[in-house]
Amino acid sequence: MIKQIMKKSIRILINTLIIIIFFVPFYWMILTAIKTVQETIQFPPSFWVSNPQWENFVTAFKAIPFMKYTVNSIIVSISVMALQFLTVIPAAYAFARLKFRGKSFLFGSILATMMVPSQLVFLPIYLMFSKWGLINNYLSLILPFATSAFGIFMMRQSFMQVPEEIVEAARLDKATELKIITKIMLPAAKPTIFMLALFSFISTWNDYFWPLIITTNNNVRTLPIGISSLRMVEGGITYHIVMAGNLLLIIPIIIAFFIAQKQIIRAFTYTGEK
């Protein structure tokens with residue numbers, strides 16, 4: 001009895017420490033976002049704000065073309081997510097259920113690309129897009145991320161959870177491969193689809209390096225690029241304005257996460273079973 005109580009207490013303590021570790025940076029971001037510029041650089045730092053500066057959010061919103069950047073981010077994120085669905089789902093189904101020569105080698109090659117830093121291929125992609133005249137274009141922000149090796153892996157694992165007998169029965173009923181995907185595979189893989197959508201949205205929404213390289217004007221630049229320009233908005237280092245902008249940046253991500261939270265937990269469970 002005492003051992004069980006001790007184990008439970010230790011588990012609660014560890015979970016509490018993990019929550020604190022993950023919560024402290026977020027709390028510090030909120031705290032900095034409502035401080036004055038003097039409070040952000042004072043030492044020792046204060047862990048509470050007696051007079052919140054809510055106008056920091058207004059300053060961050062007005063200092064850059066915030067709505068234009070937001071619309072650009074929405075267009076790019078949704079387009080990438082849609083393209084990844086169109087490419088990832090058929091590829092994952094092929095690797096999970098179809099038989100063809102070189103399948104294992106091809107799947108291993110796709111997984112191997114996950115170990116290659118994306119920055120390594122940005123230069124040749126940039127040169128190619130520059131030759132095609134796609135600099136400062138939505139296509140240049142979307143096409144490099146039209147598919148996802150990690151997404152193919154996740155969806156393949158999820159499709160493999162569907163019993164082979166169900167697929168064979170559908171084929172005996174003369175169901176096409178497209179019908180098997182839409183009527184059997186996708187409903188069974190619903191949690192993984194939610195997770196793929198969330199991962200795709202977050203990675204594209206937060207992407208900073210590639211939009212910084214491929215865009216040079218505000219017409220197609222995304223929100224992270226705009227937020228980075230807040231550092232010198234008042235002629236000096238303005239951590240409070242930057243943090244206010246970052247809070248505005250992550251609001252859609254937080255909303256999306258809480259909406260899909262249950263599905264994400266189920267997806268992690270299903271993906272790790274095989």
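Cβ coordinates come from backbone N, Cα and C, glycine included.
Remote same-chain partners of the transmembrane segment (12-30), defined as residues 6 or more beyond its termini with a Cβ less than 8 Å from a stretch Cβ, comprise 243, 246-247. If you look up TrEMBL, you'll see 12-30 (among others) marked as transmembrane segment.
Taken from TrEMBL, the feature domain 'ABC transmembrane type-1' applies to 70-260.
Taken from TrEMBL, the feature transmembrane segment covers 74-93 (among others).
The transmembrane segment feature in TrEMBL is assigned to 105-129 (among others).
Within the chain carrying the transmembrane segment (135-155), a Cβ under 8 angstroms from the stretch's Cβ atoms is held by residues 72, 75-76, 79-80, 83-84, 87-89, 91-93, 95-96, 110-111, 113-114, 125, 129, 189, 192-193, 195-196, 199-200, 203-204, 207, 210-211, 214-217, 219-220, 222, 267, 271, all 6 or more beyond its ends. If you look up TrEMBL, you'll see 135-155 (among others) marked as transmembrane segment.
Sequence annotations record features per position, and here TrEMBL assigns transmembrane segment to 184-202 (among others).
Note on the transmembrane segment (237-260): residues 29-30, 32-37, 39-41, 53, 56-57, 59-61, 63-64, 66, 194-195, 197-198, 201-202, 205-206, 223-224, 226-228, 230-231 of its chain, located 6 or more positions outside it, place their CB under 8 angstroms from a CB of the stretch. Look at TrEMBL and you will find 237-260 (among others) tagged as transmembrane segment.
Only residues 6 or more beyond the boundaries of the transmembrane segment (74-93), in the same chain, are considered here, and those with a CB under 8 A from a CB of the stretch are 110, 138, 141-142, 145-148, 151-156, 158-159, 177, 180-181, 185-186, 193, 196-197, 200-201, 204-205, 211, 222.
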